[in-house]
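Colleague: The domain 'tr-type G' feature in Swiss-Prot is assigned to 9-283. Taken from Swiss-Prot, the feature GTP binding site applies to 18-25, 82-86, 136-139, supported by sequence analysis.
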Amino acid sequence: MANKEYPLAKFRNIGIMAHIDAGKTTATERILFYTGKTHKIGETHEGGATMDWMEQEQERGITITSAATTCFWKDHQVNIIDTPGHVDFTVEVERSLRVLDGAVTILDAKSGVEPQTETVWRQADNYKVPRMVFINKMDKLGADFLMSVGTLRERLHANAVPLQLPIGAEDAFSGIIDLVKNDAVIYKDDLGTVMDETEIPEDMKEMAEEYRTMLLEAVAEVDEDIMMKYLEGEEISVEEIKTALRKGVLANKIVPVLCGSAYKNKGVQLLLDAIIEFMPSPLDIEDVKGTEPTTGEEMTRPADAKAPLAALAFKIATDPFIGKLAFTRIYSGTMKNGTYVFNSNKGKRERIGRLMKMHANHREEVEELKAGDLGAIIGLKDTTTGDTLCDDADPIILENMEFPEPVIDVSIEPKTKAGQEKMGIALAKLAEEDPTFRTYTNQETGQTIIAGMGELHLEIIVDRLIREFKVECNVGQPQVAYKETVRKHVKAEGKFVRQSGGRGQYGHCWIEMMPTEGEYEFENAIVGGSIPKEYIPAIDNGIQEASQSGIIAGYPVINFKVKLFDGSYHDVDSSEMAFKIAGSMAFKNAMSKADAVLLEPSMKVEVVVPEEYMGDVIGDINSRRGRIEGMTPRAGAEVIRAFVPLSEMFGYATTLRSKTQGRGNYVMQFDHYEEVPKSIQDKVIGERK
């Protein structure tokens, strides 16, 4: 079965995404069970789920890394990426979306759209990924299908169109009405493999009629032929509805909504059918865009195995037995075992050792990967996340991925002297796998600092150090990852001259430094050769190294641009080293004049509390320097949305529990960096000294 060749039109590359605990991994497990990939269904709460293969995931019952799996259903090849729902791991979601063609969002029928669903949905909007929604846990207490559909419209502004209605809810959930075919499916056994297709139950006919009309109106909006038929009262066939639905989904105009209970095995096969019917194949999406490495001109590559190779390494993982795996999406062309590919980001040729198709943590070796495939490559030494692999005769650089800055850091030290080197190697490997995890040495204290997206993120990193790399370490208290930036446009000089017998050192440069919104930029505006070309990168390096430790409190400096406009050199004494030091001196001089300020991470916080505690909770948020953005009622509770500095949120869970007698809960995620008030800045500087 697995070795059969599938045409591209029969490929589906989809992601499964959701808020934590909406039942995403369970749904993926059921899909693998029905498509014949696993013989025993894994349960998350037993710690046996196939997709969750890192030990930490099985213990915590959450998904941390997105596993990529290939399975087969009704003569189609479906590649599934299971993405984490915890806010600390948005990077995994971001990179999965970059390589998917479509996504299934899973909601908990009791809660509808939750904050992390919104985050993931916005990320999917950025990549224009067509989506469908599976409302899960219909068997749970408080399950409400129509409320959940309502939250899709209100909170995500999605054109949510139910294709199904549940028959019963909670314990009485027994089947599903199919509005497209206008019939019903009743489940007869616990495994969901025995089901009866019957007529719609009498007591639901009226409701089904009403929702089928809404479905027809939605497809008529995207298809003129159906619009004409609908207005003239003609019968519209099931095939016509499906064709129009597919068209609406691909254009991001319709979001089909299905329902079920993955845990009770209800609705999963219908979900698989819908993935095949409505999700895009690699041929349906736009040709992938990129740039020519030398000229920078825009190019595109079609989804065609005969076209030149263009592939994106979207995730690096380290396997204890085979070393480094590069998970890759092939957009065009073919990649063969044992051949060379060109990494256009690094400008290096790399040899492919072996090619794999992945099934959670089992692998199948293959001879080649073609356009549309998702697979893993073994043997690439220099490739990191976001790199493009192509033919050196036909180079292209695909659009890279952008990752957020880490917001929280802790100091870490090995328990033994011997562990120091081991820890350094392990941290470098982990940083290579995860672009939102950074590690650096604090220049003032000499401590090793690790930084990430949240406490859970760093906990899991430390856990992996102990388990995978056998490094025992002591970890400090979590600290806020402050940053520094500049507010003024200034000019500054850096001059490094040393004459002390023998060959001297000479480096001299003038720079302009200015604030920007985006990443660090370096512009070389030298004319007339006042500094030779070969020394320019050294100045850039000197500035970048110096920017790791700002002048206010030694935090990394962000959001600035440097323009190198003048300088001088010495025929004999100038060297790269001298210019690197001159660059760092110019940076420090510029910073001291540029009105430097401290920045802190501001978090987007959502608190759900019963109405009677609202006053207390809002008062507490204000006392934490929070800015209330708005409030919305939700089923007997209020949702308070606010921006609060991360430094004020440590220990918030305990406070919220005591203020609401355990009935309040909250989620937060990083939103942006903003300036720290002067009084707080002085306090932070005092604590650093």
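Backbone N, Cα and C atoms are what each Cβ position is placed from, and that goes for glycine too.
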Colleague: So, in DSSP terms, is M138 (GTP binding site) helix, strand, or coil?
Modeller: coil
Colleague: Test of understanding: give the count of other CB atoms lying within 10 angstroms of the CB of A18 (GTP binding site).
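Modeller: Total other Cβ atoms inside 10 Å, all chains included: 28.
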Colleague: Let's check the environment of M138 (GTP binding site): how many other CB atoms sit within 10 Å of its CB?
Modeller: 29
Colleague: Between 0 and 100, where does the mean pLDDT of the domain 'tr-type G' (9-283) sit?
Modeller: 79
Colleague: Per DSSP, to which secondary structure element type does A18 (GTP binding site) belong, with helix, strand and coil as the options?
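Modeller: A18 (GTP binding site) sits in a strand per DSSP.
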